[in-house]
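Features from Swiss-Prot:
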DISULFID  Cys23-Cys88  disulfide bond
REGION    1-23  region 'Framework-1'
REGION    24-34  region 'Complementarity-determining-1'
REGION    35-49  region 'Framework-2'
REGION    50-56  region 'Complementarity-determining-2'
REGION    57-88  region 'Framework-3'
REGION    89-97  region 'Complementarity-determining-3'
REGION    98-108  region 'Framework-4'
Amino acid sequence: DIQMTQSTSSLSASLGDRVTISCRASQDISNYLNWYQQKPDGTVKLLIYYTSRLHSGVPSRFSGSGSGTDYSLTISNLEQEDIATYFCQQGYMLPRTFGGGTKLEIKR
């Protein structure tokens, strides 16, 4: 199986900040990389697919980039509603494995 690693398990930022979350695959996944958002209430939403394509209804402050084994999700101008845990997932090969998640919190 392809292993997905999110080296940062939690991240603190202030509202209005630009935040970048990284993800690394154990092999080249040819841009088949998705990002999901899990809210504190458990609601899960697809944000980005195929590295950089925004899912319908997702605000443009979210963006994705990367290639090969290294990928990132960037949130520009962080808003309160963005507080959540973010997971990367590779869609290159079955099983479609996930990273361990990065929990985004407000800096106090």
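Just so it is clear, glycine is given a Cβ too, placed from its N, Cα and C backbone atoms.
Keep in mind it's a predicted model, so treat the numbers as computed, not measured.
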Per the definition of 3+ C-beta pairs under 8 A with sequence separation of 6 or more, do the region 'Framework-4' (98-108) and the region 'Framework-1' (1-23) touch?
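Judged by the Cβ rule, the two regions touch, with the required three close pairs present.
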Reported in the order helix, strand, coil, what are the DSSP residue counts of the region 'Framework-4' (98-108)?
0 helix, 6 strand, 5 coil
List the residues of the same chain that sit at least 6 positions away from Cys88 (disulfide bond) in sequence and have their Cβ under 8 Å from its Cβ, in sequence order, or write 'none'.
Met4, Gln6, Cys23, Leu33, Asn34, Trp35, Tyr36, Tyr71, Leu73, Phe98, Gly99
Helix, strand or coil by DSSP: which one applies to Cys88 (disulfide bond)?
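Note: Cys88 (disulfide bond) is in a strand by DSSP.
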Averaged over the whole of the region 'Framework-3' (57-88), what is the pLDDT?
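Here the predicted model's pLDDT, averaged over the region 'Framework-3' (57-88), is 98.
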Could you tally the C-beta atoms, other than its own, that fall within 10 angstroms of the C-beta of Cys23 (disulfide bond)?
29
Can you tell me how the residues of the region 'Complementarity-determining-2' (50-56) break down into helix, strand and coil by DSSP?
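DSSP composition of the region 'Complementarity-determining-2' (50-56): 0 helix, 2 strand, 5 coil.
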